[in-house]
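For reference, the structure discussed in these notes is given below.
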Amino acid sequence: MVTLSIIKADTGGFVGHSAVHPDMLAAGQDALSSAVADGLLLDGKVGHCGDDLSLIMTHEHGADAEEVHSFAWDVFLRTTEIAKGLGLYGAGQDLLSDAFSGNLRGMGPGYAELEFTERPSEPVVCFLADKTEPGAWNLPLYKMFADPFNTAGLVIDAKMHAGFRFEVYDLYEEKRIWFDCPREIYEMLMFIGAPARYVIHSVESKTLHEQAVATSTQRLSLIAGKYVGKDDPVMIVRCQSGLPALGEVLEPFAFAYTAGGCMRGSHHAPMMPVSVNDAHPARFDGPPRVVALGFQVHQGKLIGPRDLFDDPSFDRARAQTNEVMDYLRRHGPFEPHRLPLEDLEYTTMADLEKLLADRWQSMPEAAVPAPR
Ligand code: 13P
Ligand code: 13P
Ligand code: MG
Ligand code: MG
Ligand code: MG
Ligand code: MG
């Protein structure tokens, strides 16, 4: 069994919240190479999207392994020091705890981990996003694994015909449930259509009994109890041979669907699929970006990455993103650009309620609706 882990954190932005400084990327790659040389990891590559640094690692320690999580934590402490030395913005932003204890649960860094027996050919895609929340993966995952208008294999591949099981987390209540699709797609959509609360955590094939997907599902604001930056989630998707083909896995991103995030984590904005070179959200701290790094996992090694959205066939999605961004931006502080009150990451409402408490009056008689 091999485990593919992506562990990520924002440990400082260059400039503002737009990118990771090259010195931090170099330090991350050095640490990964040393961990391979020391035998902790089979392989390790840094990735980045916006101001978030990802450690993409293969190893044999399983998910939630203390040695792998504590290694990642130490790397993030080191890159935080570099960020402090350069005066970068929000140095150590996602490190919410002072000391490491056992694993990264509730500590701030996000992680997606998938343990599997390597197939003769094992194509995987590591998706990294910035300026959005984990529910941003719900719509594309639904399309990849449950929508025959996206994924031809659901109709014409005998190994996919039985469908997939989706594991969905309720992040508010800390509960989870499995949905059996296609039988329960309507039930599941009722929940995953509300992505601020319900988030797809994993997907497995009913025919192969193999896990195909792992996502990071941490909500930083729910951990910290206040806004400390957006979650900027990651996701692993295995492809081909009874799972969606590579092109079926990428296809949902040809549509610029909107997600919560962007400026101050508090706006709906369209997801822009981009090459690694363009993964630097700037306009209104957005639009949210997603990169797709393709690897062939071979004998535990990460052969790649291929920068899969560095492809003119996603140009229209990018153009659509810019159009939708223009349209939404013209709403300024109005919904639906601004998130509804309960989902705002920043708010002055609590202060305003106190400040204005004695200025609110009853409505004049005629304006009060008659009791029913
Ligand atoms: P090949 O016949 O090139 O292997 O392609 C199969 C496939 O998965 C196309 O989606
Ligand atoms: P990050 O989570 O990427 O740091 O974004 C924070 C933010 O508020 C951007 O406006
Ligand atoms: Mg940041
Ligand atoms: Mg970020
Ligand atoms: Mg963030
Ligand atoms: Mg709501």
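In case you wondered, yes, glycine gets a Cβ from its N, Cα and C as well.
TrEMBL lists Asp10, His17, Asp51, Gln93 with the feature Mg(2+) 1 binding site. When secondary structure is read from DSSP and collapsed to three states, Asp10 (Mg(2+) 1 binding site) falls in the coil class.
Its Cβ taken as reference, Asp10 (Mg(2+) 1 binding site) is surrounded by 32 other Cβ atoms within 10 Å in the chains shown. Under the heading active site, proton acceptor, TrEMBL lists Asp10.
Per TrEMBL, the feature beta-D-fructose 1,6-bisphosphate binding site maps to His17, Tyr89, Gly102, Asn103, Lys131, Gln240, Ser241, Arg264, Asp285, Tyr346. For Arg264 (dihydroxyacetone phosphate binding site), the count of additional Cβ atoms within 10 Å of its Cβ stands at 19 [all protein chains shown].
Feature annotation from TrEMBL assigns dihydroxyacetone phosphate binding site to His17, Lys131, Arg264, Asp285. Annotation for His17 (Mg(2+) 1 binding site): spatial neighbours Asp10, Gly50, Asp51, Tyr89, Gly90, Lys131, Gly229, Pro281, Asp285, criterion Cβ-Cβ under 8 Å with sequence separation of six or more.
Residues or ranges marked as Mg(2+) 2 binding site by TrEMBL: Asp51, Asp52, Asp130, Asp232. Spatially close to Asp52 (Mg(2+) 2 binding site) yet at least six residues away along the chain are Lys8, Ala9, Asp10, Val20, Leu128, Asp130, Asp232, judged by Cβ distances under 8 angstroms.
The active site, proton donor/acceptor feature in TrEMBL is assigned to Tyr227. Within the same chain, residues at least six positions away from Tyr227 (active site, proton donor/acceptor) with a Cβ under 8 Å of its Cβ are Leu220, Ser221, Arg264, Gly265, Glu345, Tyr346. In three-state terms derived from DSSP, Tyr227 (active site, proton donor/acceptor) belongs to neither a helical nor a strand segment and is classed as coil.
Marked as Mg(2+) 3 binding site by TrEMBL: Lys230, Asp231, Asp232. Contacts of Asp231 (Mg(2+) 3 binding site) defined by a Cβ separation under 8 A and a same-chain sequence distance of 6+ are given as Gly110, Thr132, Glu133, Pro134, Ser216, Gln218, Arg219, Leu220, in order along the sequence.
Taking a C-beta cut-off of under 8 Å and a sequence gap of six or more, Lys230 (Mg(2+) 3 binding site) has these contacts in its own chain: Asp130, Lys131, Thr132, Glu133, Leu220, Gly261, Gly265, Glu345. Residues annotated as active site, schiff-base intermediate with DHAP in TrEMBL: Lys230.
The Mg(2+) 4 binding site annotation in TrEMBL covers Asp231.
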> Once the chains shown are all counted, how many other Cβ atoms turn up within 10 Å of the Cβ of Lys131 (beta-D-fructose 1,6-bisphosphate binding site)?
Replying inline: 34
>> I'd like the number of other C-beta atoms within 10 A of the C-beta of Asp285 (beta-D-fructose 1,6-bisphosphate binding site), please.
In response: 23
> At the level of the C-alpha atoms, what whole-angstrom distance separates Gly102 (beta-D-fructose 1,6-bisphosphate binding site) and Gln93 (Mg(2+) 1 binding site)?
Replying inline: 21
> From the Cα of Ser241 (beta-D-fructose 1,6-bisphosphate binding site) across to the Cα of Gln93 (Mg(2+) 1 binding site), what is the distance in angstrom?
Replying inline: 40
> Among Asp10, Asp51, Gly102, Lys230, Asp231, Ser241, which binding-site residues lie by ligand 2, judged by Cβ under 6 Å to any atom?
Replying inline: Asp10, Asp51, Lys230
> For the binding-site residues Gln93, Ser241, which Cβ has the most other Cβ atoms within 10 Å, all shown protein chains included?
Replying inline: Gln93
> Neighbourhood of the Mg(2+) 2 site (Asp51, Asp52, Asp130, Asp232): other residues with Cβ within 8 Å of the Cβ centroid, in order?
Replying inline: Lys8, Asp10, His17, His48, Cys49, Gly50, Leu128, Ala129, Lys131, Lys230
